[in-house]
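Swiss-Prot has this to say about the protein:
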| type | residues | note |
| --- | --- | --- |
| REGION | 1-23 | region 'Framework-1' |
| DISULFID | 23-92 | disulfide bond |
| REGION | 24-38 | region 'Complementarity-determining-1' |
| REGION | 39-53 | region 'Framework-2' |
| REGION | 54-60 | region 'Complementarity-determining-2' |
| REGION | 61-92 | region 'Framework-3' |
| REGION | 93-101 | region 'Complementarity-determining-3' |
| REGION | 102-111 | region 'Framework-4' |
């Protein structure tokens with residue numbers, strides 16, 4: 001299975017500043033020029049919400065302050081400017097190889 005390592009595990013960012021979350025895969029999640037890395041936001045008691053798919057594509061309805069980048073094994077989620085409603089736990093997920101796997105999560109706190 002592909003192991004995804006997220007960092008940091010928790011993050012406190014001031015309102016209006018930038019939050020940066022990293023995800024490193026144990027092997028490449030690229031295939032035919034596409035990076036099969038996705039990012040989700042989860043609030044307590046709710047299902048995860050897809051933010052970014054294929055490394056850098058913004059899901060419909062998601063604010064443009066969310067952006068994703070990376071390829072191969074190294075990926076980044078940026079949130080800028082951070083808003084209060086962004087306090088949540090964020091997960092990367094690879095969809096290149098079964099079983100699809102998730103990172104351990106990053107809990108974002110807004111100061």
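Placement of Cβ uses the backbone N, Cα and C atoms for every residue, glycine included.
Of the recorded ranges 39-53, 54-60, 61-92, 93-101, 102-111, the region 'Framework-1' (1-23) has the largest number of C-beta contacts under 8 angstroms with 61-92.
Counting Cβ pairs under 8 Å to the region 'Framework-3' (61-92), the stretch among 24-38, 39-53, 102-111 with the most such contacts is 39-53. Against the region 'Complementarity-determining-2' (54-60), the recorded stretches 24-38, 93-101, 102-111 differ in Cβ pairs under 8 Å, and the greatest number is found for 24-38. The list of residues near the region 'Framework-2' (39-53) in space but at least 6 beyond its ends in sequence, with Cβ under 8 angstroms from a Cβ of it, reads 21, 23, 59, 62, 66-68, 77, 86, 88-93, 102, 105. Mean pLDDT for the region 'Framework-1' (1-23) in the predicted structure: 98. Look at residue 92 (disulfide bond): DSSP puts it in a strand.
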